[in-house]
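Asker: Pasting in a structure now, in structure tokens, and then I'll have a few things to ask.
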């Protein structure tokens with residue numbers, strides 16, 4: 001196998017997000033449920049025998065924080081693989097949205113190259129590499145929606161009685177974006193939420209908890225409030241995902257979403273029972 005085309009990288013929604021503390025090193029401790037949705041970036045991979053890693057959609061110098069290239073190089077370094085790859089990314093998931101697009105791209109890169117380069121790493125081995133790339137990347141390797149704790153490193157798949165029921169969601173990304181660092185460094189951020197339980201979440205699912213980052217994000221980005229108010233005008237209860245600026249609401253009745261501001265991204269999404277690449281890795 002010398003190439004893989006049309007490899008999906010799904011977005012996520014945080015059904016709730018509680019900040020429960022802060023470690024001495026400054027990292028915040030979180031609790032959240034990460035839910036996979038069918039809004040996907042699409043990646044393409046072609047093996048190169050010279051060991052180089054390139055991106056066809058970036059004609060200028062690669063940014064130092066490009067997660068897709070970092071993921072490929074981290075996998076090379078961890079395994080000593082001499083092969084390279086040429087990567088294309090068709091971006092559909094908006095950036096600075098709290099939807100995890102960049103992290104999902106990195107995870108799909110690890111899964112695809114593990115297969116293309118015939119490395120046969122387990123899910124846990126890929127998880128160790130993913131931890132070096134960013135807090136959300138390990139989740140996208142776990143194969144399904146999950147309960148996530150710590151700094152994103154404690155991940156439990158939602159299965160059996162805790163599995164999420166099928167549902168549709170209106171996802172709205174305002175024109176403005178947000179830098180995650182601005183929110184977590186803000187003095188007004190709530191950092192002492194009580195710890196939740198999976199059983200407590202399972203009792204209400206899509207109505208559980210809140211997003212502790214949302215008040216700060218709304219103060220920094222008024223468009224978030226505008227988007228939530230727009231959803232409420234449709235009879236939908238909106239909340240922010242991740243660190244924003246995207247918001248979402250479960251769709252429980254017929255609703256017309258065609259009058260949103262032209263600069264907003266509005267998409268109706270369904271949750272995914274499993275990651276589309278869940279069976280590409282064992283363990």
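Glycine residues also receive a Cβ, built from the backbone N, Cα and C atoms like all the rest.
In case it helps, Swiss-Prot gives these features for our protein:
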ACT_SITE  12  active site
ACT_SITE  136  active site
BINDING   94, 95, 96, 97, 98, 99, 100, 101, 102, 103, 104  ATP binding site
Asker: Specify the secondary structure state of residue 12 (active site) as given by DSSP, simplified to three classes.
Answerer: strand
Asker: Name them in sequence order: residues not among 94, 95, 96, 97, 98, 99, 100, 101, 102, 103, 104 whose Cβ is within 8 Å of the mean position of the Cβ atoms defining the ATP site.
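Answerer: Filtered neighbour residues, in order: 11, 93, 242, 246.
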Asker: How many other Cβ atoms are found within 10 Å of the Cβ atom of residue 100 (ATP binding site), counting all protein chains shown?
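Answerer: Step by step: centre on the Cβ of residue 100 (ATP binding site), count other Cβ atoms within 10 Å, giving 28.
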Asker: Give the sequence-ordered list of residues that share a chain with residue 96 (ATP binding site), lie 6 or more positions from it, and have CB atoms under 8 Å from its CB.
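Answerer: Set apart from residue 96 (ATP binding site) by at least 6 residues yet with Cβ under 8 Å, we have 177, 178, 179, 244, 245.
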Asker: Taking the Cβ of each of the binding-site residues and counting other Cβ atoms inside 10 Å, which one has the highest number: 94, 98, 102?
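Answerer: Max Cβ neighbours within 10 Å, all protein chains included: 98.
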Asker: Return only the integer: C-alpha distance in Å from residue 94 (ATP binding site) to residue 12 (active site).
Answerer: 12
Asker: Tell me, how many other CB atoms lie within 10 A of the CB of residue 136 (active site), whichever protein chain they belong to?
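Answerer: Summing over all protein chains shown, residue 136 (active site) has 24 other Cβ atoms within 10 Å.
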Asker: To the nearest whole angstrom, what is the C-alpha distance linking residue 12 (active site) and residue 98 (ATP binding site)?
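Answerer: With distance taken Cα to Cα, residue 98 (ATP binding site) is 8 Å from residue 12 (active site).
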Asker: Give the three-state DSSP assignment (helix, strand or coil) for residue 94 (ATP binding site).
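Answerer: The three-state answer is coil.
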Asker: What does the structure give for the C-alpha distance between residue 136 (active site) and residue 100 (ATP binding site)? Integer Å is fine.
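Answerer: One finds 7 Å between the Cα atoms of these residues.
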Asker: Using a 10 Å cut-off, grab the number of neighbouring Cβ atoms around the Cβ of residue 12 (active site), all chains included.
Answerer: 29
